[in-house]
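Once you've had a glance at the structure underneath, I'll fire off some questions.
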Amino acid sequence: KVRKKKKKNTDRKEMGRRSMIHLITLSLLLLTATHVRSDASDHRYSDGDPVPLYANKVGPFHNPSETYRYLDLPFCKTGHEKEKTEALGEVLNGDRLVSAPYELKFRKEKDSKIVCKKTLTREEVTLFREAVKKDYYFQMYYDDLPIWGFIGTVDKEGKTDPSEYKYFLYKHIQFDVLYNKDRVIEISARMDPHSVVDLTEDKEVDVEFFYTVKWKETDIPFEKRMEKYSQSSSLPHHLEIHWFSIINSCVTVLLLTGFLATILMRVLKNDFMKYAQDEEAADDQEETGWKYIHGDVFRFPKFKSIFAAALGSGTQLFTLTIFIFMLALVGVFYPYNRGALFTALVVIYALTSGIAGYTATSFYIQLEGSNWVRNLLLTGCLFCGPLFLMFCFLNTVAIAYSATAALPFGTICVIVLIWTLVTSPLLVLGGIAGKNSKTEFQAPVRTTKYPREIPPLPWYRSTIPQMAMAGFLPFSAIYIELYYIFASVWGHRIYTIYSILFIVFIILLIVTAFITVALTYFQLAAEDHEWWWRSFLCGGSTGLFIYGYCLYYYYARSDMSGFMQTSFFFGYMACICYGFFLMLGSVGFRASLLFVRHIYRSIKCE
């Protein structure tokens, strides 16, 4: 009967694991199947065919989150504007594409073609002047190729007082298009600095907008037309910095791992020898160090429901990160594939929620928890809850600013449906699989009935100083690469060197695991047996360092300003850093658990 019961439990555990593996495989297949490259549209055109040109958005150059619809500014309107149907990721990215007033037919050149003549009212002049003052840029898409340009310029030459500055609006835009046979390869926009209108004074202004189109043949094949954008992050001087970062991080890892491995192996070897001699020499000698607390080291932590939920959420976020890297390395996130990253994040997070449910519930059951349903609800809300509250606040701010970052009601409904119909059911299924696995906690030594008293420890062995020590080394390994990621996410720099980023991520995981293991050993050696939460907090403390870097980046490395941009930057970075905290905390705890099990399995305890 016992054998049958054990076999049944093993089969259930195996079924739970298999279901998780099938879930992961399914999510990858779904993402690969639903991902359609815009290049694959493979548009071919004959002479004179209309090529789609969409105006996307305008906004202050230094505030990437603060973007508005192109036609929120009083540009020319044809009266027949059509809004492009957008995917979920494009809407989340703040893209709002509308047909542009310019007509760029394939291989049809135009010279100073008038778009419209209009008289700008005083209110419209003020609107344009404020936009020029804030360095507004525009973005368009021509056959899925991005175009940028500034809408005006400020004349500051020889003037020290801002009230003397002159503000000019560009009237003439020139499109230079490269083509290869029947396909568009490249496009750029140039503003004519000699064709401007003065907006300095508050008065009505007559303005005439016009544009020029020039076509030129090129040998660049259609398949390589997006390489121009990805090459900017692969320039030699950028690559040198990235490789310097990698070498710096690798040296840090080698020194750290070598140092810790040498110390731990030597100390542990001495400990094992000492304990062996003690057992042979005198059984009545009092035990010291980490062996002394063998009866308490596997005592389950306080607040085990929250602990299991944090472990489940962290494991899910770790799986999500690995999937994103896999898609990035196979070339899914090429530059200006509008919204692909946001779509992938939403879909993968929804599909991997079963992993969070399974991990959290199975571990909670191992910790002899009884209310697994409450634990499952806590797991579902631990990361999504703060993210949802932050989204509600920031979306309200975006609505107040009438910015494109404000999600339409339909998109919010889609996200709620995904959460209700995909995330929640998979979370529950994972939880049920975890509950039915009925795996016992593998402790190599027995836990005593009453806990030992922890001796008084110096201040630097308390939680906060230990977290500071644990977070600094992993952060120093990723510090250089962080600037490029921030400049890409919160700026206009393009980042495509995902292979280097993946190496840095692996280094981050290794350093986090090693430093957490080392601090756990020193904690146990000081006869402090409450290592569960400490290992999680020490592992996740790198997330706090990254948030500290946010403050430095905002004030020292960027020109972001305004309430909306500031709230978006610090709000969403808080959510990202919280995600890092959960993910790296799970890594730190798992590494510490393996280490603690190993050392206590290697000694004999009465």
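Any Cβ shown, glycine's included, is placed from N, Cα and C.
From a predicted model like this one, the values you see are computed outputs, not experimental measurements.
Below are the features I grabbed from TrEMBL:
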type: SIGNAL; residues: 1-38; note: signal peptide
type: TRANSMEM; residues: 241-264; note: transmembrane segment
type: TRANSMEM; residues: 306-334; note: transmembrane segment
type: TRANSMEM; residues: 340-364; note: transmembrane segment
type: TRANSMEM; residues: 376-401; note: transmembrane segment
type: TRANSMEM; residues: 407-429; note: transmembrane segment
type: TRANSMEM; residues: 467-486; note: transmembrane segment
type: TRANSMEM; residues: 498-524; note: transmembrane segment
type: TRANSMEM; residues: 536-556; note: transmembrane segment
type: TRANSMEM; residues: 568-596; note: transmembrane segment
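Can you tell me where each of these features sits in the structure?
Remote same-chain partners of the transmembrane segment (241-264), defined as residues 6 or more beyond its termini with a Cβ less than 8 Å from a stretch Cβ, comprise 473, 476-478, 480-481, 484, 497, 500, 503-504, 507, 510-511, 514-515, 517-518, 521.
Beyond the ends of the transmembrane segment (306-334), by six or more residues, the same chain brings 24, 27-28, 31, 35, 37, 226, 230, 340-341, 344-345, 348-349, 352-353, 355-361, 363-364, 367, 369, 375, 378-379, 382-383, 496, 498-499, 501-502, 505, 532-533, 536, 540, 579, 582-587, 589 to within a C-beta distance below 8 angstroms of the stretch.
Within the chain, the transmembrane segment (407-429) has long-range Cβ neighbours (under 8 A, six or more residues past its boundaries) at 19, 23, 88, 91-92, 346, 349-351, 353-354, 356-357, 376, 379-380, 384, 395, 398.
Through the fold, the transmembrane segment (498-524) approaches residues 242-243, 245-246, 249-250, 252-253, 256-257, 260, 263-264, 267, 289-290, 293, 297, 321, 325, 328-329, 333, 461, 466, 469-470, 473-474, 477-478, 481, 485, 531, 534-535, 538-539, 542, 584, 587-592, 595-596, 599 of its own chain, all at least 6 residues removed from its boundaries and within a Cβ separation under 8 Å.
Nonlocal intrachain contacts for the transmembrane segment (568-596), taken as residues 6+ away from its ends with a CB within less than 8 angstroms of a stretch CB, comprise 65-66, 297-298, 310-311, 313-315, 317-318, 321, 382-383, 386-387, 390, 393-394, 397-398, 405, 470, 474, 490, 508-509, 512-514, 516-517, 520-521, 524, 531-532, 535-544, 546-547, 550, 554, 560.
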